[in-house]
Structures are given as C-alpha cells and as structure tokens.
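Let me begin by presenting the structure, written as structure tokens, before commenting on it.
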Amino acid sequence: MSRDRVFPVWRGIWASGSSSGGWAEAWERCLRWEPMGPIWLVLCRGGRARLSQVCERGRGAIRLRVRLPPLFHIHQVPKVVQEDGIISGYRHPCSTALDCVLSSFQMNNETMNIWTHFLPTWYFVWRLALLCSSLDFSLDSYTWPLLVYMLLICVYPFTSSCAHTFSAMSTDSYHICFFFDYGALSLYSLGCAISYGHYVMPECWVNSWLHRYFVPVALANSLFCTSLSCYSRFVELQFPQRSKVLRTAAFVVPFIFDTVPLFYRILLCCGGGCAHTEALSSHCYHLFFAFLTCFLFTSHLPERLAPGRFDYFGHSHQLFHVSAVLGTHFQMEGVMADMLSRRTWLTDQGLAPSFLGTIGALLIGLVLNLVIIGVFSVPLLWKRFSVSGQPLACWLQGSRKNE
Ligand SMILES: [Zn+2]
C-alpha cells in the first residue's frame, strides 16, 4: 500500500521519522492496512485470519443462542390450548421453563400477552414506590386500604404475565398457571372493594348496612370468583360456551358488587346531587375501560372476523390486557384523588380503617384463594402423576406413550 493513501496524521508521523524508520517502521512491523470489503482496517500481522476466526465463532454462538423452539399451527397443539381465531404461532406444548422464558423474546401468539402485563407491573410498582416516599403506610391506618389496593394492582399483572409465560410447559401447567391468574384477579377485586369501601362510598351510604359488610361480602365474592373461574376450565372441552359464560360471570359478579357504590355516586352527580370532581372523571374513564375490557374478553374480536390475521399482533386478549391496564390506571387515579380529597370528611364520620378490614382481609383472602387453587390443582397433578409417574408430564409425552 502506498504511503499517500495512509491517513494524513500517520503520514506526518512517517515524515517526521528518521531514515531508520522510527515510529513509522515500528507501526509497520505490527500493523498493516487491509481491505475488508468496502472499508480498510488496520490489523496486526496475521490479524485478518484471526478476525475471520473470531467472526466465525461469533456467528456460531449467535446461531446457538437464537435457536428458539419452532412454532406450531392450531391443528398441531392440544385442543385445550387452541384459541378461537388464532391459527398459528403456538408454542411447543411441552416447552421447558427456559424455553418459556426465551419464548417471551420470540414472536409468537403469547409474546404480546406477556409484555402487555409485564411492563405495566413495573409502572404500578413505580407508583407504589412513589407513594411509599410520600405516605406513612406503617403508622397511618387511613392509608392501609390504598396500600392493599396498590399491592394487588402490582400482583395481578405480574401473575398474569407469569401465567402466559409458563403455560406452555404442559396442559396441566396450562390450567394451573391460569388458576393463579384467576386467583390474582379475584384478589384484585377484593382490593378494589377495600379501597372503594373506605374512600369511594357515597356520603348517604356511609355507616349503612352495605358499608359495614362491604369488605366481608367482597371477600366471599373473591372466593366465589376463583372457584367458578377455575371450575370453568374443567368444562371447557366439553361445553366451551358454558365455560365462557361461567368464567365471565365469575368476574362480572364481583365487579358489579364493587362498583355499585360508584355507580350510585355517579348517578347522584348526574342528577346534580354532588360537585363534579377530578376523582369522578377518573372513575368514569375507568368504567369506560372496564366495559371495553369485558367486551373484548367475551367477543373475541377482531380475530373472530378474520381468523389468522391477528395471531401475533392485535388479537382480543392483547387488547383486553391493554384495556384492563388503562382502566386500572384511571381507577388508581380516582381512588387516590378520593382518598386525599375526602380524608377530613371521612375521618369526621369516625371511619378509621381497621387492620382486619384491610391488610387482615387481604391475608385471609390470599390464604383461602391459595387453598382453592390447591384444591383444583391437586387432582390434575395426582391424575397425571398416577398415569405417567411425573407430576407435570407433557401432553406430547402422554400422547406418544399411547401411540
Ligand atoms: Zn391474559
């Protein structure tokens, strides 16, 4: 290579060197300009071969790491995991836990379901962390209903995200993962009732019979919701319509009960019986998204209109997740606005939240919901264990055994 083609600064070094070479010869001994496609690189002698070797190893490593499991068509997976209108993009129904985690970075029909609840989890955790720095959750009992509510709006999207991630390990794990998902949602309904019962209740209903028994009834609703939604999975294969009705009813009943005080308050305001507040606007947005969530869950739109076109992006379950999270965001804003603006009035009514009515109710609800999930999970595990000798044997292993 001619000296004129070397970068000017190097030419200068070259020019300033002595006749014996100096800097320039020292550079030349270990460096060489080599053409690498459209660019020139400076390499040590033998560096080109070494670079090629490194590149080849890198390509091999990348190939090894991105070798994700293949995806399946609807007719290749068990009936229980098939979704209406979703034709392709199913994960292997016997994936390992690692495959499941890796699949969240691979585009399949669960990827967006995972991320649309995983990312909002951290948004709600961040909001809870901000509240921890401004409120005294340990000593101020007035904040306990908000603490319970905030914990549960962090837990339910996280549980859902985990359920969607690990549901591909076997048909049994598919059921059990969604038992936990339903349990977290029903606990969230209890959290809503605890916060509504303490902060959102209309003034004329405060200290009424409904107000006094609001949290115990919500706790019973939560157990009913988990039991019915878990049971609905067992009748899904034989009676898919009945299963859908049962599961929808399981979530609609606690929602209606929790929201009755809010509906009444909004009706009063529509009739001019109260001042329009910022909290009420947030509650109205929440109700809009709650109805949208219910519509998306039951309608299976848009994939029902064009099966196969929304397998990866835009199917109803993803939209259902997004709508639920937006609804929760507005609900959280409404609850916090009511909590701050009604504090003096509620305290004057002698309404100090008790430990049993807030954190105690959450703990009781948590234990009883786990018991219900256990009751529904044990027969599945026991049946599979007695057939295959493995607690979470895979559907494919089972079917291969029968071939
Ligand atoms: Zn989901």
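Placed from the backbone N, Cα and C atoms, the Cβ positions cover glycine too.
Quantities reported herein were computed from a predicted structural model and do not represent experimental measurements.
Checking the candidates HIS92, HIS164, HIS175, HIS198 against TrEMBL: the one annotated together with HIS317, HIS321 at the Zn(2+) site is HIS164. Within 8 Å of the Cβ centroid of the Zn(2+) site, not counting the listed residues HIS164, HIS317, HIS321, the chain contributes GLU110, MET112, ASN113, ILE114, THR116, HIS117, SER160, GLN318, PHE320. Remote same-chain partners of the transmembrane segment (279-298), defined as residues 6 or more beyond its termini with a Cβ less than 8 Å from a stretch Cβ, comprise 200, 244, 248, 251-252, 255, 259, 262, 265-266, 269, 316-317, 319-320, 323-324, 326-328, 330-331, 333-335, 337-338, 341. Of the candidate ranges 178-201, 213-234, 246-267, 178-201 contributes the most Cβ pairs within a distance under 8 Å of the transmembrane segment (142-166).
Figure note: comparing Cβ neighbours within 10 Å for the binding-site residues HIS317, HIS321, the maximum is reached by HIS321. In sequence order, GLU110, ASN113, ILE114, HIS117, CYS177 constitute the residues six or more apart from HIS164 (Zn(2+) binding site) in its chain with CB-CB distances below 8 Å.
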